[in-house]
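Trainee: What TrEMBL records for this protein is below:
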{"type": "TRANSMEM", "residues": "21-43", "note": "transmembrane segment"}
{"type": "TRANSMEM", "residues": "63-83", "note": "transmembrane segment"}
{"type": "TRANSMEM", "residues": "95-112", "note": "transmembrane segment"}
{"type": "TRANSMEM", "residues": "118-136", "note": "transmembrane segment"}
{"type": "TRANSMEM", "residues": "143-164", "note": "transmembrane segment"}
{"type": "TRANSMEM", "residues": "211-235", "note": "transmembrane segment"}
{"type": "TRANSMEM", "residues": "256-279", "note": "transmembrane segment"}
{"type": "TRANSMEM", "residues": "348-369", "note": "transmembrane segment"}
{"type": "TRANSMEM", "residues": "376-393", "note": "transmembrane segment"}
{"type": "TRANSMEM", "residues": "399-416", "note": "transmembrane segment"}
Amino acid sequence: MSQHSIEQNIYVDYHHDKSRNSILISISFLFCLMKFVNLGLWGHHYLYNYEDVFQTEQMLNPFSGIYTAIWLLLSAASFSLNWGLIYRSLLKKPLIFSFFIYIIFHSAIFSSNKFSSIQLSMYYIIIYFNVYLYIYKFNAEDLIGKITLFCLFFSLFNFISFFAPEYSIMRGSHQGLFRGFSAHKNDLGYFAFFFMTSALFSSKSSRSLRLFVIFSSSILVFLSFSGQAIILSISSFTFFMYSKFSRLFHREQKQALTFSLILISLSIIVYITSSNIAFDALGKDVTLTGRDKIWEFFVLDILNNNFLGYGAQSFNDVLDLRTQMYSFGIWWPIATAHSSYIEAYVRYGYVGGTLFLIIVSGAIIRSLISLNSNKSSNLFASILLILSAIGGITASEKLFLPDFGWLTFVIGMMIINKDRSSHVHMFGGKNGELHRRNPCF
């Protein structure tokens, strides 16, 4: 069968089934969003080894495994009904396809705990296509509106956690800080930042809903006392105000203004970081809670003897690595490298880490170009990608690991790519030639 016939059959099959797919795709995406927000009712956060977190969450929700199984079944059903569309999208994105194939085979070969590593690697793919199918079926504005509405329940749920201080208040090194029903205060802060950004740029939500989400999310960011979330939230609001102000200028003036804003922002970040102003203002230590020693250890490990990587499993599962950490002076248990970029190389070696960097770099370049757009969805995606990349510097779960950070990054990447692609055109060329570009790629 010719390529022309294959493409035409894929298109026709998909649109015959699209009405019954709509509900399935929507529910699958909703379950995906709920799972990776990591509220206590949906299951524990695999990144943290805090015993009190696990015990409390198991009491709150003995059915977390069932919930995950339901999400996976919904995703499998959604993917099977749209296999042609998924197949075509992979052909259109060989870099993404190569990354997915590599991390799965890498986990199967080099990880000591192969089953859990492959399962973790599969989450990259499942999250990716949950977002892809939703944006393909609906649109970016609808997705942002649904996320904003979801935040209404997220905020109320976390405010209720005040009545469960044995869970909502952290212990250990973050004693007394509020985390709500999330596994960690930094998670709560990042979720709130994301929802606040969606409310700022939502064009389909009512004004009252947007104001409530912005206000409640700001409170949650403040309560979490997450330095990263505070900086990201301020940056998001600054970009929002800039997007409103820049509409007063012509295209050339707007481009110059955008370049100036980026240059000034980078200069301020470099200055306050080097002079410790931000650390002093937020009451943080310059080591970022011991991250400097963790980064030094893993960078040396990558350069000296970690060409292939350790696989997707937790670092605590690698006995030799655990011993080296102790001898290096890292006495506390850690599950991540606390940096998405270092994490990519540590887990998947030079090949996997480089593929990840290329994917992120391409998305950031497209997001910088889209900053001049007047579409609220494009601005939302651009800001999300840029700030996710910045957040990934000090946190692995904010960008690289298949968690909420990867979910937000994929959302931003899909929206940017969809705007750059043309809409569906059937038989628009010469002699009835099929012309159809994937709207998400």
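Yeah, the Cβs are placed from backbone N, Cα and C, and that goes for glycine too.
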Trainee: Which residues, given as numbers and ranges, are at least 6 beyond the ends of the transmembrane segment (118-136) yet have a Cβ under 8 Å from it?
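Mentor: Sequence-distant neighbours of the transmembrane segment (118-136): 21, 25-26, 28-29, 32, 36, 46, 72, 75, 78-79, 82, 85-86, 89, 96, 99-100, 103-104, 106-108, 111, 143, 312-313, 402, 406-407, 410-411, 414-415, 418, 439-440.
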Trainee: Ranking 95-112, 143-164, 211-235, 348-369, 399-416 by Cβ pairs under 8 Å to the transmembrane segment (376-393), which is first?
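Mentor: Result: 399-416.
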Trainee: Taking the transmembrane segment (143-164) as the reference, which of 95-112, 211-235, 348-369 gives the largest number of Cβ pairs under 8 angstroms?
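Mentor: Counting Cβ pairs under 8 Å, the winner is 211-235.
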Trainee: For the transmembrane segment (211-235), find every same-chain residue at least 6 residues outside the stretch whose CB is under 8 Å from a CB in it, and list them.
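Mentor: Residues packing against the transmembrane segment (211-235) from afar: 148, 151-152, 155, 158-159, 177-180, 185-186, 188-193, 195-196, 198-200, 205, 265, 278, 282, 284, 383, 387, 390-391, 394-395, 398.
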Trainee: So which residues does the transmembrane segment (399-416) touch in its own chain, when a touch means Cβ under 8 Å and the partner is 6 or more beyond its ends?
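Mentor: Residues 32-33, 36-38, 45, 47, 120-121, 123-124, 127-128, 131-132, 135, 140, 143, 187, 190-191, 194, 336, 340-341, 343-344, 356, 360, 363, 366-367, 370, 377-378, 380-382, 384-385, 388-389, 391-392, 440 contact the transmembrane segment (399-416) from elsewhere in the chain.
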